[in-house]
Amino acid sequence: MSDQKPKAGKLSLLGLIKEVFNWYPSSYPSEERKLLFKLDLSILIFACLCFFVKYLDQTNISNAYVSGLKEDFGLYGNELNYFNVCYYTSYVVFQIPGLLLMSRPKLARWLLPTLEILWGICTFAQSRVTDVTQLYALRVLVGALEAPVFAGTHFILGMSPNEAQHCRVTDEPQGSWYTGPELFKRAGTWFICNPLGTMVSGYLQASAYTNLSGVGGMPGWRWLFIIDGIFTIPVALIGFIIFPGIPGSPRPFYLTEGDLALAQERTKRAKIRQPGKMSVDVFKRTFKRWHIWVFISCYACMIICSYPSSYMSLWLKAEGYSVTQINQLPTVTYAINIVASWLGTTLAAIYPEWIIYTIASVCCLFSTLCMIIWNIPTTLKFVAWYLLGAAGCLSPILYSTINIICRDDAEERALIMGAMMSFGYSFNIWVPLLAYPTAGPDGAPRWRKGWPVSFVFFFLLWAGFMASIVIWRQAPTPGLPLQLPATALRNNATTTPNTQSTMPIPITIVTGFLGSGKTTILLNLIPQLPKTYKLALLKNEFGDVAIDSQLASTQSISGVRELLNGCICCNLVGQLSDALEQLRTEVNPDRIVIETSGSAFPATLAMEVNRLAREGGDFILDGVISVIDVENWEGYEDTSYTAKIQAKYTDLIVFNKWEDLPEKFDIALDRVGDLEIETPWVKSQKGRVDMDVLLGIDGALFKDAEAEKEHDHDHDHKHDHQSEVEVLSVVLKSAEAVDVGALEKFLAIAPREEVYRIKGTLRCSNGDLPVETSDDMQKREKIDTPGSQHYILNWAFGRWTCTPSTVVAESADPTVAARVTLILARYESTKWKKKLEAGGLIQTAEGADLTVERLV
């Protein structure tokens, strides 16, 4: 999951296929791609082999049971259940101690290979047991030694990013080697080794039973343990050579000092947070939040409902199939499990994770429903058994979702995952004895109680996962990770309402590399503006060259100010206020556009503009626009870090020069998706972008709109009908004031990837002005705002302002409480029209006549 994933609906089929198999993005520098390749050859290969032999050695007891162990030892009760009880009891007990050892840098590199050697010895020993008691004891040891493998490997593969502003970034490499989209694809590959180990165990047992029974005087089931041990020991020895542990562990021979330095840089870039101590406060805050309760419940449901999927062999044995068939036919389930695990996690990195989760859950619910009915055709029963393999993606998607939702608290995340493993697997100690007994009238494979239990808990698992997604998405998000300058501004500014009768001058920042088309975008904006509109330009470039002659000669530019010989966000940032003030006093523009140099970081400028807004109230930030040159996108590779920063810390991305290069556009869109950001984007039409997308409403634009309305102009609103946006017009007729509480709810829930801008005029009661931020709405205070009750609303990319205006008051229709325009992404207008018409968003306290019309 996402956090931000590429928008699948905006990817072509070719782009989707590339995204699935793109492990080494071309936007990465060559050194970084080489490092990832080294890590895959070491960490990923060993992790997969280790996970493979873990499940080989964990599940071999079931294959041995149906291949002669049951008859040789006279096991006609629930002994198979007891084998699992022994294994999972020690597995649960040693889960947290093993994970704590794995987190120690000096131990992490050697711990897994050492444990693997020891459980390999125990696997060999199981081939020589003489009674069931010895087998119970060895299952306890195997469970204890394998306990850290799952959570420990996930700890190394997984990430603990805290992108919040106040997190502490380590000075030394800590945490994980992989970040962002890299994790989803590698986690899916790693997870397939679970069913792969189980599947291979079936083939090995069938082969041992057929070819080795009687060799050395031993039955075939004993040879299975010997063969598994032969697999295990070499993998452990490989681990001693190639496994690097965690980034703080001693350096392995194949990683250079440069590799470690790059790994450290990747850690800092991803804001990998150094975990703190497990104090009482960690437990308090964790148990006060919903995360731990929902996710532990989900994992417990998963453990309970998925138990029967591993025991198709018991049904085949009861039906009289041969030993070879009993061991081979269930492997189809594990093959489907492999496909589901890999493909499901990969698609969950592209599509909404809840869709993939729902599809897999429906398959499992169908299977368990068939088993509850039981008396069905044999072919359908095979289908039901095999479809249980769709559950392969449920666990990795759940874990990846936890990584995302709990990303801002490393200690909470670690506590939740440890508790999930311990609490979840504790159910495997006793639930199978009650719901899934091996013998008896309700025993395997009929499980009269077990299959209904499985059905119910599959449904509860799906419901719990969906609840987590809904709660997370609807929860307020104060202090979002550094993602947009808007959020940076909210986190660094107090919200002082503007009480002036005139509106502050809106400022639009346009950034992008030299040649990306910023000037062209501005030239195509000018004809869309009213003829009397005063647009001022503050341009920054390196060197002392004059501004582009084409733009300087444009009479629609009311004033031009240049900041040369430096970068506006670095050594020239102190001159910004003087330049803006000069434009304000000399030109008195309706808007100022700041066009930055190609290397400027927009977040710095955004915060400086916001500081000026707080101190003087003369300016206000309207938006940050980043222009990307699709034609030369691949040319950014050597300077990709700056390009990525510009794209990441922005309000709107404009893809320019894309018309004749569809494949390059797909690549550019994919690379923006790699940034894990939730920034809306549009495509220009030969350098033209609709004014309503680029600009919010201001006094001059309001006057122009009123003038058009008086002259019965039609509703084309200067929009290009081939544009990337759709437009809704909302009119609320009432003599009452707008319900500010409902309006704030509307502004807070509007997602930036669907809603680009919301702008219009409102009539509000004195002292009931919407606060100029979406953070922490519970702390909103009533403001005694003198003067007009009419306001201009500007919502842009999650940030909003509501400014008193005498201009609006003078021309206001007393029968209209609000006129609002929504600028939406394509294909979103129908959904938002229904939401608005359903009520509760734009309304008055006493009810009113609401009209929602689609204009474009």
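Each Cβ is built from the backbone N, Cα and C atoms, and glycine gets one as well.
Feature annotations, reproduced from TrEMBL:
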type: DOMAIN; residues: 506-666; note: domain 'CobW/HypB/UreG nucleotide-binding'
type: TRANSMEM; residues: 82-102; note: transmembrane segment
type: TRANSMEM; residues: 136-157; note: transmembrane segment
type: TRANSMEM; residues: 221-243; note: transmembrane segment
type: TRANSMEM; residues: 292-311; note: transmembrane segment
type: TRANSMEM; residues: 355-376; note: transmembrane segment
type: TRANSMEM; residues: 382-402; note: transmembrane segment
type: TRANSMEM; residues: 414-431; note: transmembrane segment
type: TRANSMEM; residues: 451-472; note: transmembrane segment
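Ranked by number of Cβ pairs under 8 Å to the transmembrane segment (292-311), the listed stretches 82-102, 221-243, 355-376, 451-472 are led by 451-472. Here the transmembrane segment (414-431) does not lie next to the transmembrane segment (355-376) in space: the count of CB pairs under 8 Å, restricted to residues six or more apart, is fewer than 3. Contact between the transmembrane segment (355-376) and the transmembrane segment (136-157) does not hold: fewer than three of their C-beta pairs are under 8 Å, each pair 6 or more apart in sequence. Tertiary proximity for the transmembrane segment (136-157) is limited to same-chain residues at least six positions away from its ends with a CB under 8 Å from its CB atoms, namely 43-44, 47, 50-51, 54, 57-58, 61, 82-83, 86-95, 98-99, 101-103, 108, 111-112, 115-116, 118-119, 122-123, 125-126, 129, 176-178, 183, 186-187, 190, 245-246, 399, 414, 417-418, 421. Sequence-distant contacts of the transmembrane segment (451-472) (same chain, six or more residues past either end, CB-CB distance under 8 Å): 290-291, 294-295, 297-298, 301-302, 304-308, 353-354, 357-358, 361, 364-365, 368-369, 371-372, 374, 394, 398, 401, 405, 431, 435. The predicted model assigns the domain 'CobW/HypB/UreG nucleotide-binding' (506-666) a mean pLDDT of 67.
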